[in-house]
Amino acid sequence: MGYNLLKGKRGIIFGALNDMSIAWKVAEMAHAEGATFTLTNTPVACRMGTLTELSEKCNAEVIPADATSVEDLEAVYARSMEVLGGKIDFVLHSIGMSLNVRKKRVYHDLNYSYLNKTLDISAISFHKLLQVGFKMDAISEWGSVVGLSYVAAQRSFYGYNDMADAKSLLESIARSFGYIYGREKKVRVNTISQSPTMTTAGSGVKGFDGLMDFSERMSPLGNATAEECAGYCLTLFSDFTRKVTMQNLFHDGGFSNVGMSLRAMTQYNKSFDVDDISSLD
Ligand SMILES: NC(=O)c1ccc[n+]([C@@H]2O[C@H](COP(=O)([O-])OP(=O)(O)OC[C@H]3O[C@@H](n4cnc5c(N)ncnc54)[C@H](O)[C@@H]3O)[C@@H](O)[C@H]2O)c1
């Protein structure tokens, strides 16, 4: 590829952990499209993950930070502007974590201190990075901030647990802050609602293989991959989408607007041991 779509743009990419991460693909593609950026993740993820490899490949400095810490976020913006030589044009929030999911607490038996963490890490951190960017006036006019969401924000999905609540909050923050940031500084704020994708966070969800297969069959275009999601993120960072803001944009092969598909129905009917499905009511 190579359209120089992000030539001269400066960014901050949150959430690349390994080469399966959506943020990793965004970083690779942003680099190929001419952007310069910093990478950030938790100190533990920076130590345990393979971020050094990505950092070398993209010539991007890694800044360890907990996205729930306002102080850490201030340091991320300050250092990023210093090393990149100016205000930031794009920010990717690609962060999600639920201790209830990790510790297999079901939705009707949540641990509330875990729930608070889920919301803080997966949604409120989006508000924090917007508020810190706003107060520091760190994002340039017509800049773009993107968070990653999932359709469980609108509809219930078995096993997605308290992450559904976090995604609803994330999308709401994009609308509420998007209004203010647009009005005051002409900065766009959107979320992309991505298909299930086989990553470290994704595979933690109960029944993830089945969910991926189901949505693959339900989507006329099939599931969107992490690379395809990166491509969509880049369009939102580019100058071609300057008037898109406060939106939750589905990037899911059409899944979110399908009630029932032929492929899913065919598979469903295989579970009935009958030749003539028309006899079923
Ligand atoms: N994989 C999917 O099926 C899918 C679908 C729709 C949306 N998403 C969303 O995409 C985003 C990226 O997830 P992914 O699938 O690439 O998985 P991933 O596990 O590669 O990325 C999640 C990242 O969040 C980071 N993180 C966790 N706690 C943090 C904290 N306190 N501060 C800073 N970073 C923190 C992790 O270190 C990790 O890098 C998440 O918001 C996720 O919910 C994923």
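We count from 1, first residue shown onward.
Yeah, the Cβs are placed from backbone N, Cα and C, and that goes for glycine too.
Bear in mind that the values here come from a model prediction, so they are computed numbers and not experimental data.
As given in TrEMBL:
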- GLY15, SER21, ILE22, ILE95, LYS167: NAD(+) binding site (BINDING)
- TYR150: active site, proton acceptor (ACT_SITE)
- TYR160: active site, proton acceptor (ACT_SITE)
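Within 10 Å of its Cβ, the residue among the binding-site residues ILE22, ILE95 with the fewest other Cβ atoms is ILE95.
Counting every protein chain shown, the Cβ of SER21 (NAD(+) binding site) has 26 other Cβ atoms within 10 Å. Maximum intra-site Cα distance, NAD(+) binding residues GLY15, SER21, ILE22, ILE95, LYS167: 18 Å. The DSSP secondary structure for ILE22 (NAD(+) binding site) is helix.
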